[in-house]
C-alpha cells in the first residue's frame, strides 16, 4: 500500500515537473511567431542589407508550430515580396500580419516588467536638417551667449595667468635659495 | 540700551552713503548668509582648468531645466514612450529642448571626466581631500547612471538593447543586482522604474553629493597648484569671483550646446523589439562594448568595476605628498594607460559591426 502511494506521488511529481515546462514552452511559442515577425520588421528597418537574417526570421514564423496572433497568409505574401526584393511591401505585409491581440475585456494588454510594448515598428526618426526662422533665432541667441561669455570671461580674468604665477613662484624660490 | 543689546552683533551698521542695491544685498545677506560665499580662493582657481567642476554644474543645471520641461510631455509607458519623444516636434521648443538636454548630457560627461583628470593630474585628491575626491568619484558614477537611464528612456532599439544588457548584468550580480532586473516588480514596466531613477533618484543624489562636495571645497579650500606651492605668490580672490568666471565660461558652454541642439538634433531610433541586437551603445559606453565583444557580457562588469576600483583606491595607494605630475610617475603612467585603453577600445568599437551578445 505504502509502495503504491509512493509510486502515485512520484508519478504526480514527475507529471508536474514535465507538464510545467511543456505548458511554459507552449505559451512561449504562442507569442514566438509574433515576436519573430516584429524581429523581421525591426531588421528591415535597422539592417536592411542583412537579407539572410531577415529571411531567417520570416521562415521561422512560417515554420512555427503555433501562429496565434499572426496571419500566416500575409507572412507568406511578405516572404514572396521580400524574395522579389520589395522591402517596403514585405514590411507592410508583416506589420499587417500581427493584429494587436486583445484581452478578454476588449482592451490592449499593457506591457509589464521588461516587455517592449511594441506593436508597430516605427522608422528611425532623424530630425530634419532644414533650418527655419525659429532655428535662426535660436542660433543667434546661442552665438550671442558665446560672444557675451567670452567677453565676460576676459573682463573677469584673474590678474595673473598660471604661467606668470608659476614664474613668480620659481623666481621667489630661486631668490630664497 | 536694551534695544542695542537686542540687536544682532552681525547686523550691518547703518551707513547713509550705501547705495540701494548694496542695501538690498546686505538685507538678503543678513537673512541668508550669502556672504559666506566670499571666502578667499587662490588666484589660479579662476582659470579654465580649475573651473571644470563648475562647468559640470552648469551642464547639470541645463539638464535640470530642460529635463523638467521634457518631463511635461514624456510618457514613460513602454507602449507610448518612443512616440511621445517623436511628438516633441509638435511642442513649442520641444525639439530644441530635447537637443539641449541631449548635448548637455554629453557635455556633462565630458566635463566631469576632464575635471576628474585634472584632479588626478594635479594630485588634488591628496590629504586632506580624499573624502571629497570620493564624493566626486561617486558623482561621476551617478553621471554615468544618468546617461545610461536617459539612453533607455528613449525606448528605441538602442535603449532597449542597453536595458537588456543592464538586466543581464543585474542577474550576473545575483542578489546585489535585484534592483536592475524586472523581477523586483513584475507587474510594473522596468521603464517606469528607470524613469523614476532618471528624474528623481539620480539627480537627487547628485544634488546631495554636490552640496557635500561644495561644503568640503569650502572646508579644505581649493587645492593648491602643484607648481605654485606657496599661497603668498598669489592674490586671493573671493569665491564669488570664481563663480562669476564660471558664469562667463558657462555662457560659452550654453551657447555651444544651443548651436549643437539646432544643427545636430539627436536621433530617435525605431521602436524596440526584443531578441535582436542591431545597435551599438552610446559613445561613453563603447569601450565596454569592445570588451564585451572579446570577453563576453561579464567583461562589462569587470571592466567598469576595475576602472572604479582604481579611482576609489587612488588616494589610498598614492600617499606620496608631492602633487606635481613629474614626481608621480607610477600614477601618471597608470592613468595614461587607462585613458589610452579606453580611447583605443572605443575606436575599435566604432569600427566593429554590431554583434549579438545576449
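Cβ coordinates are placed from backbone N, Cα and C, and glycine is handled just like the others.
Here's what TrEMBL has on this protein:
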{"type": "DOMAIN", "residues": "B:24-226", "note": "domain 'Cytochrome b/b6 N-terminal region profile'"}
{"type": "REGION", "residues": "B:1-22", "note": "region 'Disordered'"}
{"type": "TRANSMEM", "residues": "B:48-71", "note": "transmembrane segment"}
{"type": "TRANSMEM", "residues": "B:100-121", "note": "transmembrane segment"}
{"type": "TRANSMEM", "residues": "B:133-153", "note": "transmembrane segment"}
{"type": "TRANSMEM", "residues": "B:195-216", "note": "transmembrane segment"}
{"type": "TRANSMEM", "residues": "B:246-268", "note": "transmembrane segment"}
{"type": "TRANSMEM", "residues": "B:294-317", "note": "transmembrane segment"}
{"type": "TRANSMEM", "residues": "B:329-354", "note": "transmembrane segment"}
List, by number or range, the same-chain residues at least 6 past the transmembrane segment (B:294-317) whose CB is under 8 A from its CB atoms?
116, 120, 125-127, 129-130, 133-134, 137, 140-141, 165, 168-169, 172-173, 287-288, 331, 334, 338, 342, 357-358
In the same chain, who gets a Cβ under 8 Å from the transmembrane segment (B:48-71) while lying at least 6 residues past its ends?
88, 93-94, 97-98, 100-101, 104-105, 107-108, 111-112, 114-115, 118, 136, 143, 146, 199, 203, 206, 210, 213, 222, 242-243, 245-246, 249-250, 253-254, 257
Near the transmembrane segment (B:246-268), which residues from the same chain, at least 6 beyond its ends, have a CB less than 8 A from one of its CBs?
48, 51, 54-55, 57-59, 62, 82, 85-86, 95-96, 98-100, 102-104, 107, 111, 154, 156
Local confidence of the domain 'Cytochrome b/b6 N-terminal region profile' (B:24-226) - pLDDT mean:
95
